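Trainee: Relevant sequence annotations retrieved from TrEMBL are reproduced here:
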TRANSMEM  A:20-40  transmembrane segment
TRANSMEM  A:47-65  transmembrane segment
TRANSMEM  A:71-92  transmembrane segment
TRANSMEM  A:104-129  transmembrane segment
TRANSMEM  A:149-168  transmembrane segment
TRANSMEM  A:189-217  transmembrane segment
TRANSMEM  A:229-254  transmembrane segment
TRANSMEM  A:266-285  transmembrane segment
Amino acid sequence: MTMIFGVPMAVFMGQLTLGLVNGAFYALLSLGLAVIFGLLKIVNFAHGAQYMLGAFAALLGFRYLGINYWLALILVPLVIGGLGMLLERFLLRRIAHLDHLYGLLLTFGLALIFEGTLVNLFGVSGARYATPEILQGGLNLGFMFLPTYRAWVLVAALAMCLFTWFMIERTRLGAYLRAGTENSQLMQAFGVNVPLLITLTYGFGVGLAAFAGVLAAPLYPVSPTMGSSLLIVVFAVVVIGGMGSILGAILTGLGMGIIEGLTKVYYPEAANTVIFLVMILVLMLRPAGLFGKEA
Amino acid sequence: MPASTVLKAPTAVAQRQRRANLRRNAFYIALVGVGLVAPFIAYPVFLMKILCFALFACAFNLLLGYAGLLSFGHAAFLATGGYATGYLLASYPGLTPELGILAGTLMATLLGVLFGVLSIRRQGIYFAMVTLALAQLMFFVFIQAPFTGGEDGLHGVPRGELFGVISLRSNLAMYYFVFAIFLLGYALIQRTVHSPFGQVLKAIRENEPRAISLGYNVDAYKLVAFVISAGLAGLAGSTKTVVFQLASLTDAHWHMSGEVILMTLLGGVGTLLGPLMGAGLVVSLQHLLAQSPLGNWVSVILGAIFVVCVLSFRSGIIGELGAIYRKNFK
């Protein structure tokens, strides 16, 4: 059997895929955080909870309304994104003129409310969401066994990242968003409806989190606490990459996933902490983050 | 005569100053008095819990309220103090509790230096994320380390004899020891805030570029504030471990970092009494809810209080009371 640095090839590749899949989630979530931060200047602490809500919406939609996976993949981000827009319109907008730390605190409170409510309704033990039939099973690539669903997650997440990149860098709406990130007051003076743009942006960021949640539902147990611990890792990823660039967020996310996966192979004790250690290293060597602009 | 008018103005100011000092001293004496008789009215263990969390919140407030730094990782210092003290007291029976607490506080202070050096490299929102991530790192360390008891935590930490003489087994003796520690910590924070050092911190909070242009080494000031805050948070954690005779992962969880923010916000950020008030309210609320049918909804209710505080109650209880007082009585 082929060995890579003393580890069987199949194990190595298996963990690498796992790492890439985790990295795809880091990329999707940090992308959403970056989009929201760009225009609203707040860190959305409810991002993890909104990811969790996405997974739960898929689960409950299937259980009670018979909505299948593919429909959920489209409907859930719209519904949760809509909920996000309501939150922005009625809560976040009221504190938009204040220090942006208040936005962090408000969304933290919202995260506690969402998580606590679902813990009470469904308990902390996770529920299973069935993998759609087409994506069950796996592909034998000769040197490794690739579960079809993981391959699909990777493709879907990357497609979504590219779609986001395209929307922001290549469309008129994206040009407004980029201009608003630079100077929203000037934008408003030019006659652009900035408050509406902010609402849509927040909704889009939340929708990305919910999309990630639906993708994650067949992969991990769907539980109310699935988002919060993931979010803290994503924060570390954001600190490592900086929130200045979209491609930066995607690359950092995938890279950190791979590093985490490889750590699981060679030194499993540190698998939980390796991303935080990388963050410490980056803070010492390049405090602004790998792709960061601000000091 | 012009000379007399020149003399008169400072005297009036000095008189008002003296009266304000007198009022403040009278208030503090009254507060200490309340603290001294409290264990005869309420359950001492409950009061000790409030005092430990009040010290924790005061330490946190030194950073947020006076230096303008929002740390989302203060649980790490609380837990480090608690685990270090718990481990030492449980493994070395000869060690007296005050030395155990001192050692725990030292450990938290050292961790504060480490985290401080790293996190003050980033500002604002990034600072909050860095501290949160570092605290999560410590959480995993505490789960895996051989001396913390993993998921179970440390149990049966002996209270021992204070200075090797006074047994702390009785809750009343323990209470007065905790009260003394709280007063010590509170006095240190009070002195720090009103010292020239504290004034520079406020200047940094209000306008950092200006403070830099005035020649202050802003990073050094921030670091010292961070370390004092971390050390006092550790003191609170160490004391808590001796009181409850256990150290657990709850103290290291990010929920704890959120709770201390809530206590400070509810009581009043940047006021000396606010965190004390906030800690008292939050601990009492948790205590009341735990016995009611709403027991499972604690975190939802805390989240709702968070939202209400941020939306319409940002200066907290003490802040709002102060505003009413200034409006009507001055």
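Quick reminder: no glycine exception, Cβ is built from N, Cα and C everywhere.
A TrEMBL annotation is a machine prediction, not a hand-curated record.
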Trainee: When you look at the transmembrane segment (A:266-285) alongside the transmembrane segment (A:20-40), do they share 3+ Cβ pairs under 8 Å, ignoring any pair fewer than 6 residues apart in sequence?
Mentor: no
Trainee: I need to check the long-range neighbours of the transmembrane segment (A:229-254): which residues 6 or more away from its ends have a CB within less than 8 Å of a CB in the stretch?
Mentor: 20, 23-31, 33-35, 37-38, 43, 45, 47-48, 51, 158, 161, 164-165, 168-169, 275-276, 278-279, 282-283, 288-294
Trainee: Looking at the stretches A:47-65, A:149-168, A:189-217, which one shares the most CB pairs under 8 Å with the transmembrane segment (A:71-92)?
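Mentor: So the stretch in question is A:189-217.
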Trainee: Under 8 Å between C-beta atoms and at least six residues away from its ends: which parts of the chain pack against the transmembrane segment (A:189-217)?
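Mentor: Sequence-distant neighbours of the transmembrane segment (A:189-217): 25, 28-29, 31-33, 35-36, 38-40, 44, 47-48, 50-59, 69, 72-73, 76-85, 87-89, 92-93, 96, 129, 153, 156-157, 160, 164, 176-177, 179-180, 226-227.
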